[in-house]
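Chemist: In case it's useful when we look at the structure, here is the feature table from TrEMBL:
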- 31-410: domain 'Major facilitator superfamily (MFS) profile' (DOMAIN)
- 30-47: transmembrane segment (TRANSMEM)
- 67-85: transmembrane segment (TRANSMEM)
- 97-119: transmembrane segment (TRANSMEM)
- 155-174: transmembrane segment (TRANSMEM)
- 180-203: transmembrane segment (TRANSMEM)
- 236-257: transmembrane segment (TRANSMEM)
- 269-287: transmembrane segment (TRANSMEM)
- 322-346: transmembrane segment (TRANSMEM)
- 358-377: transmembrane segment (TRANSMEM)
- 383-405: transmembrane segment (TRANSMEM)
Amino acid sequence: MDKLAVIQKQSTNTTMNNNRMQSGSPAFRQANLALFAAGFVTFITLYDVQPLLPEFARVFDIPPALASLPLSAATLTLAAAMLIAGTISETLGRRPVMIFSLVMTSLLALCSAFSHSLVSLVTLRFVQGIVLAGLPPVAMAYLSEEIEPATIGTAMGLYIAGNAIGGMSGRIFTATITDFFSWQIALGLVGILCLGLSLYFAYSLPPSTHFRRRPFETRYLFTSLYQQLLDPTLRCLYAISFMVMGSFVTLFNYITFRLTGAEFGLTQTLVSFIFLSYLFGAGCSSLTGKMVNRIGRGATLRVGLAVMAAGLSMTLTGVLLLVIVGIAVFTCGFFVTHTAASTWVGRQAKTAKAQASSLYLFFYYLGASVSGTAGGFCWTHMGWPGVACLIGLLLLTAGAITLLLTKQTAGCEPAALRPGGPINPLSPR
């Protein structure tokens, strides 16, 4: 009887896997295109205001710290809401939560075009961050449930590509339109585009066939989150994510003020092209897996932080070319550090991996909100050297935590992840 039960279970698992979307099938293509559009919408609406911060400061006659609030408000509420978004989708369903998230964030983006005060704009962005949280963790859960395991890497890659392209193109698009027309028209066009893509997503995303509804368990959610914070390694990684993302957003928030100011006098359109440095960062991110396998996780984090520090130092010069190269170098270091840290979180968490990742993203976006606004006070009172000092302090703190983390985990890395150890054939290439 035991053998028969095992055979029946294996047969059931095989049937379930065969029912999943496979590479080349129409459903697989539809899901990939739909989730590419979803990733595009998520990050174009989140970051489309970043190159407009100098414009907000000018139009509303406010200091840079207040001008950063439209971005900081969205990342702050996104950070908090992501802690429970995945659990809510367990009860309401993946597809309905994602559709609601995309349609609502698109409508809010459209409404922001009619904002005539900082208060109304920040309020809309505050709510937008909450509804945006219904996409990133839920999309990953949908892919893991509906896509055949052998091809899930392809699907996840396309979704992440949508994230990157949306974030980068949104910044360039809004800056360019603002140069020729106004920031309201730029945000309005983003809202219209995203609403169209959201309706396409709702129409084309295949229904969930492997989703199993579960009751909302508040006690389990908070207990599992608390358990992750008891792990000293995870606590260090969460602190590093706060420092690193905080420094990254701070640099891009206020380098735009410097480049459009009297020192260089560039237009919004020209400044927006600094975000093309993300392409270099994405390339470095793809090489991080090899670096981790050769020199270890802790050493990879130290290398990434050192590269960020080197790029930051280059931005202190008064030579435009060196400043731009410094931004690109800084971006590469960030992607290496972020990739190594986020991967380490997934491997370190023994249980409730989703909650471990949610906490990482919580501290990640919390750093963006807190430091992203604090940098404005540094810019107002000390200019770019003050901003660079804040970023340098964040990187120095992250470096100290990395050294502590390396001591805590000395000898605990698998052979394939120790310096000189064999290359892991399953690592990203």
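Cβ coordinates come from backbone N, Cα and C, glycine included.
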Chemist: Hey, which of 180-203, 236-257, 269-287, 322-346, 383-405 has the most Cβ-Cβ pairs under 8 Å against the transmembrane segment (67-85)?
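Modeler: Most Cβ pairs under 8 Å with the transmembrane segment (67-85) come from 236-257.
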Chemist: With the transmembrane segment (358-377) as the reference, find which of 97-119, 236-257, 269-287 contributes the most Cβ pairs under 8 Å.
Modeler: 236-257
Chemist: Quick test of the contact rule: Cβ under 8 Å, at least six residues beyond the ends. What residues does that give for the transmembrane segment (269-287)?
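Modeler: Hits for the transmembrane segment (269-287): 51, 164, 167-168, 171-172, 174-176, 179, 252, 255-256, 259-260, 324, 327-328, 331-336, 338-339, 428-429.
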Chemist: Please figure out which one of 97-119, 322-346, 383-405 racks up the most CB pairs under 8 Å against the transmembrane segment (236-257).
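Modeler: Maximum Cβ contact count belongs to 383-405.
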Chemist: Let me spell it out: take the transmembrane segment (383-405), skip the flanking residues so only those 6+ beyond its ends count, and list any with a Cβ under 8 Å from a Cβ in it.
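Modeler: Sequence-distant neighbours of the transmembrane segment (383-405): 233, 236-237, 239-240, 243-244, 246-247, 250-251, 254-255, 258, 298, 301-302, 305, 308-309, 312, 315-316, 337, 371, 374-375.
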